[in-house]
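Have a look at the structure below before the remarks.
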Ligand code: IPD
Ligand code: CA
Ligand code: CA
Ligand code: CA
């Protein structure tokens, strides 16, 4: 069930970029890879997908601003609207032939995310939401899970790789959380982690030091599916800070109490 003209533009753009990524994924061993920083990779696949998204999204809405992982930011004539794009979330999975990666596209208006699409092209799962119009995966309305006992709940996170300084904090989180829950997952694509909480596949997700392009689409999908989404450190702005915690409403307080210290 597709909504506004902007959402249609986003869905069309992600499908087109998704076809390019699926093609590259079939021949992933031939891709030239470069490392932007420790454990942070980019390949022709990310760049080709970003190019398609830029042509489609800015082609349809040339006055909007732009923020994307690989190409950076462009100010738009319209200072109130901006596309926020991760052309390939889960690059490390992609490059290892693991079919768990996605495209993330969000529309921000006056500092608020008003529409988001997270497209898992390998599985053809299109997660999308518009503020006030609910969250969907293909034709199915999304709703967070109803689990309210920690011991029955599973949570996802990202593990800091490449010598990142926040490793001790994440290890402390795990030491506190693991004894009280049914398990912790590390799938390697933050945008999909958020979509999965919205779909009720996990009860919650938290991660530090993400970027606006990892988070923006997931935030609106989560809220429209009935989840709570907050900055990990209370009072901060999620997109600017990059650290997030989200869960279904029934478990959020217990989960947040375990993770926040
Ligand atoms: C990464 C993934 C991963 C998260 C990293 C992100 P990328 O995005 O979302 O799950 O743990 O922090 O950078 O680089 O694959 O787009
Ligand atoms: Ca990256
Ligand atoms: Ca990402
Ligand atoms: Ca990326």
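Just so it is clear, glycine is given a Cβ too, placed from its N, Cα and C backbone atoms.
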Based on TrEMBL, name the residue from 173, 193, 214 that is recorded for the same Mg(2+) site as 69, 86, 88, 89. 214
Neighbours of 69, 86, 88, 89, 214 excl. site residues, C-beta within 8 Å of centre, Mg(2+): 85, 87, 90, 91, 102, 103, 104, 190, 191, 211, 213
Please name the residue among the binding-site residues 69, 214 whose C-beta has the most neighbouring C-beta atoms within 10 angstroms. 214
Among all chains shown, work out which of the binding-site residues 86, 89 has the most CB atoms within 10 A of its CB. 86
